[in-house]
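Scroll down for the structure; my scribbles are underneath it.
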Amino acid sequence: MSGGDGRGHNTGAHSTSGNINGGPTGIGVSGGASDGSGWSSENNPWGGGSGSGIHWGGGSGRGNGGGNGNSGGGSGTGGNLSAVAAPVAFGFPALSTPGAGGLAVSISASELSAAIAGIIAKLKKVNLKFTPFGVVLSSLIPSEIAKDDPNMMSKIVTSLPADDITESPVSSLPLDKATVNVNVRVVDDVKDERQNISVVSGVPMSVPVVDAKPTERPGVFTASIPGAPVLNISVNDSTPAVQTLSPGVTNNTDKDVRPAGFTQGGNTRDAVIRFPKDSGHNAVYVSVSDVLSPDQVKQRQDEENRRQQEWDATHPVEAAERNYERARAELNQANEDVARNQERQAKAVQVYNSRKSELDAANKTLADAIAEIKQFNRFAHDPMAGGHRMWQMAGLKAQRAQTDVNNKQAAFDAAAKEKSDADAALSAAQERRKQKENKEKDAKDKLDKESKRNKPGKATGKGKPVGDKWLDDAGKDSGAPIPDRIADKLRDKEFKSFDDFRKAVWEEVSKDPELSKNLNPSNKSSVSKGYSPFTPKNQQVGGRKVYELHHDKPISQGGEVYDMDNIRVTTPKRHIDIHRGK
């Protein structure tokens, strides 16, 4: 594992333009119109007769084809759109297909659902380190959504009340305000080769503020979010949109908060849209995400995995802590599952015992009735005998008792099946908990070992003889060894942390004329301050530009933190390849 780059240029925080793993709730919104949906020709500001959908060209009537403003050669204030307006309820990702003039959406500005409000409230309470985090609302099935023509690729549109997510009311912003800080965003991310729509938080974020412009259609506005198709928007303040899933959009029932990925938001454009004051509409937050094809999802997942691996390599302590937190959360969930199944099993046993007692009593009643029949059986063929009536009564009792036994047997069989199922479920839950306990223990052990980097220690080891071009080997094999002359200077010295040790290594390099001979003036200045020198550009990867210290035997596997014979100097490119097993 790496000791890092010595510059602090990799803080461990993910980019705010990256992915999220997660968890979720959220239901997509159907783009269709139907009675009772809150979207029909009677309340549709886009026009289009009953049963006709929405038509933006051809036909008769002012502004709908050859009329003023809305034909292809009009002023453009009405738009030339062939798309059906997608009803969008706050917090519910909706599928929308662009037409010639952009995306048409009808935002239902009713109250935010309790489920979505709960997710936002939950995110505000979370304090995960090193990364943005979020909850998955929905997952996408690209094969059911993606089209061959890139210009007709469907989009996922999600809206939220702007004042619920901004740090200050939008109405208080200056008219020339270009951006606004937000507490959460709705972005796309990838996990397990599935594209998700997630609510993310945890890092400073801001989005553009754009003004909606009125069109010639009453109640219809246009807005341009940078990088997204033009939006043609109507706002419905009274009737809520239908909160049902669009084809290809699946509800994610897992509401867990998880770290967001490095590529979260990679195919999302969002903004706060401010309406004219005289419209009476409050500002809304709108997020527009591309629906990726299966190949695009795979490519992005590969990039996500690559960037995660790079980050883990230079942040082993943080990576171990993240894995431990995940393992601990999984164990907590496993404990809850065991407790729930124990409760189910206890109830099943109680019902089983009760049904068994009832069945035993019914069988006894039947046995008594049969015995009574036998007692009067000698009168069965003598209708005139006084005992014949008693024999008949005993037979009726036996019939009723048999019916009761049958019913009690059915109830007992059902209880026995539930008990068997509950026993099996409890056993499976306990086995899963055992696995999670082992995983949590392994993660804790690894964290404890990796945390040695942050603990004091004494430098050991002899290093190896090197020449003035020793850093040329940093991009080869296992990297360049710690020079023996540096090891002689540092051996037996105490260091507060591995960062202090790293700084001392480069300071000693700066004092050695031969080892620093081939460093350029800028790098000589860096090492004199204890900073790692820059590598050649072809050995740099992303933000990782300086030489790094790598433990040949990982600390998590028992490698010693301050053993200079276990430490190599590597370039970022070579360091990444080492951790990839190359």
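Just so you know, the numbers here start at 1 and follow the chain as drawn.
Using N, Cα and C of the backbone, Cβ positions are placed for all residues, glycine too.
Taken from Swiss-Prot, the feature region 'Disordered' covers 1-74 (among others).
Residues annotated as compositional bias 'Gly residues' in Swiss-Prot: 20-35 (among others).
The compositional bias 'Gly residues' annotation in Swiss-Prot covers 46-74 (among others).
The feature region 'Disordered' is assigned by Swiss-Prot to 246-270 (among others).
Here Swiss-Prot flags 294-321 (among others) as region 'Disordered'.
Annotation source Swiss-Prot lists compositional bias 'Basic and acidic residues' at 297-321 (among others). The DSSP breakdown of the compositional bias 'Basic and acidic residues' (297-321) into helical (H, G, I), extended (E, B) and coil residues amounts to 24 helix, 0 strand, 1 coil.
Annotated region 'Disordered' per Swiss-Prot: 422-489 (among others), in sequence order.
Remote same-chain partners of the compositional bias 'Basic and acidic residues' (430-453), defined as residues 6 or more beyond its termini with a Cβ less than 8 Å from a stretch Cβ, comprise 1, 3, 316-317, 319-321, 323-324, 326-328, 330-331, 333-335, 337-338, 497-499, 555-558, 561. Marked as compositional bias 'Basic and acidic residues' by Swiss-Prot: 430-453 (among others).
Sequence annotations record features per position, and here Swiss-Prot assigns compositional bias 'Basic and acidic residues' to 465-476 (among others).
Tertiary neighbourhood of the region 'Disordered' (510-542): same-chain residues 5-7, 307, 310, 466-471, 474-475, 483, 485-486, 502-504, 548, 571-574, 576, selected by CB-CB distance under 8 Å and a gap of 6+ residues from either end. Annotated region 'Disordered' per Swiss-Prot: 510-542 (among others), in sequence order.
His575 (Zn(2+) binding site) falls within a helical segment according to DSSP. Cβ-based neighbour count (10 Å, all protein chains) for His575 (Zn(2+) binding site) stands at 28. What Swiss-Prot lists as Zn(2+) binding site is His550, His575, His579, and the listing cites similarity to another entry.
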Should one count Cβ atoms within 10 Å of each candidate's Cβ, the binding-site residues His550, His579 would be headed by His550
